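So that you can see what the record holds, here are the features copied from TrEMBL:
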BINDING   C157, C160, C210, C213  Zn(2+) 1 binding site
BINDING   C174, C177, C196, C199  Zn(2+) 2 binding site
DOMAIN    5-70  domain 'J'
DOMAIN    144-222  domain 'CR-type'
REPEAT    157-164  repeat 'CXXCXGXG motif'
REPEAT    174-181  repeat 'CXXCXGXG motif'
REPEAT    196-203  repeat 'CXXCXGXG motif'
REPEAT    210-217  repeat 'CXXCXGXG motif'
ZN_FING   144-222  zinc finger
Amino acid sequence: MAKPDFYDLLGVSRSASADEIKKAYRKKAKELHPDRNADNPNAEAQFKEINEAYDALKDPERKAAYDRYGHAAFDGGVGAGQRGGGHPGFGGGNGDFASAFSDVFEDLFGDFVGGRGGGGRSRASRGSDLRYNMRVTLEEAYSGTRKTIRVPRLSECDSCNGSGAEGGAEPVTCPTCSGMGKVRAQQGFFTVERTCPTCGGAGQIVKNPCKACGGAGRMEKEANLSVNIPAGVETGTRIRLSGEGEAGLRGGPAGDLYIFVNVAEHALFKRDAMTLFCRVPVSVARAALGGEVEVPTIDGGRSRVKVPAGSQSGRQMRLRGKGMPALRGAGHGDMLIELAVETPVNLTARQKELLEEFEKLSVENNPEASSFFTKVKGFWDGMKG
Ligand SMILES: [Zn+2]
Ligand SMILES: [Zn+2]
């Protein structure tokens, strides 16, 4: 009987992507899971078939060879000279089917491969990432700053240098799996590889666990870290400090530390990305007559801004380049100044006298000066009509 086509077995087209092939394989493999196929005597054979198909198609070189020569690419019938691109030999046929799919097996059937927790041992693993919330002022966000932070974290144990073994002794090869980290086990009609229960997959065990850390290779310590906060950070900016997270378990790599920046509200300035806003009070007389106001800037300096005669409250003026810097870039945003015309209060008798006179002159000078009064007059006239 002719061998079925690998693409047909997985139910994908010849143009399927690597991802599509993987998905199709997973789906088929789950369907053939031994737990679901107690009554199906062909399940194992079918599983072997789809596994062989996937094994051939998941690897780009093997796939190319299969596309070119079909099954002949793997049955030893094609001499080395005929193989496309002179790739190294693909090995004789199916090989050991259990080992062939072991790399995806845990991913697929992690539930029954399980078998962790052999006496609390665990493999070397990467430490967790940590988060540190840092509050900075707007001035610090403007200029950039360097801060020292105290981070309580799990660090490498000093007594054993992270190995977890007493006195820093090197761990020894696991006797159960001879250092492979995996053992063969019978599971229904499958021979599967599973994580070694003695060493948890690490391939090594610690004979005498370190007393200081209980064999974990790490312990709680407080670290002082100097953190560079670049100019231009905003609330929500994340800064990654590679390898400054938790130490790995049993000498595994450390995690990362993420600084989450929170920029505090400022008494004078509001911020929108690189633009700063500032409301500047101006007297009625100054707004009417025109002149200059002095405004604060985020760099701690001052700028003088021209106020045109007749400026109304809410008028905005732009100060170029006086806003926030770009994060890890060049240039600055602008600062927008909004005039707030202030009604004078706590008047002296003389001021009142002058304002009364001013009002009288205003009415005489131009009784319909304000378009609002014109509109109101029109409104009342309309009511009468
Ligand atoms: Zn230790
Ligand atoms: Zn082992």
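From the backbone N, Cα and C atoms, a Cβ is placed for every residue, glycine too.
Features per TrEMBL, on structure.
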residue: C157; record: Zn(2+) 1 binding site; Cβ within 10 Å: 23
residue: C160; record: Zn(2+) 1 binding site; Cβ within 10 Å: 27
residue: C174; record: Zn(2+) 2 binding site; Cβ within 10 Å: 21
residue: C177; record: Zn(2+) 2 binding site; Cβ within 10 Å: 22
residue: C196; record: Zn(2+) 2 binding site; Cβ within 10 Å: 24
residue: C199; record: Zn(2+) 2 binding site; Cβ within 10 Å: 27
residue: C210; record: Zn(2+) 1 binding site; Cβ within 10 Å: 24
residue: C213; record: Zn(2+) 1 binding site; Cβ within 10 Å: 23
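The 6 Å Cβ screen around ligand 1 retains C210, C213 from the binding-site residues C174, C177, C210, C213, ordered by sequence position.
Within its own chain, the repeat 'CXXCXGXG motif' (174-181) has Cβ neighbours under 8 Å at 123, 195-199, 201-205, counting only residues six or more beyond its boundaries. Screening the binding-site residues C157, C160, C177, C199, C210 for a C-beta under 6 A from any atom of ligand 2 leaves C177, C199.
C174 (Zn(2+) 2 binding site) sits 17 Å from C210 (Zn(2+) 1 binding site), taking the C-alpha atoms as the reference points.
Excluding the listed site residues C174, C177, C196, C199, the same chain places P175, T176, S178, G179, M180, G181, K182, V183, P197, T198, G200, G201, A202, G203, Q204, I205 with Cβ atoms within 8 Å of the centre of the Zn(2+) 2 site Cβ atoms. Each residue contributes its Cα atom, and for C210 (Zn(2+) 1 binding site) and C199 (Zn(2+) 2 binding site) those atoms are 16 Å apart. Calculated from their C-alpha atoms, the gap between C213 (Zn(2+) 1 binding site) and C196 (Zn(2+) 2 binding site) amounts to 23 Å.
One way to see the shell of the Zn(2+) 1 site is to take the Cβ centroid of C157, C160, C210, C213; the remaining same-chain residues with a Cβ within 8 Å of it are D158, S159, N161, G162, S163, G164, A165, E166, P209, K211, A212, G214, G215, A216, G217, R218, M219.
Across the structure, C199 (Zn(2+) 2 binding site) and C157 (Zn(2+) 1 binding site) are spaced 20 Å apart at their Cα atoms. Straight-line distance linking the Cα atoms of C196 (Zn(2+) 2 binding site) and C157 (Zn(2+) 1 binding site), rounded to a whole number, equals 26 Å.
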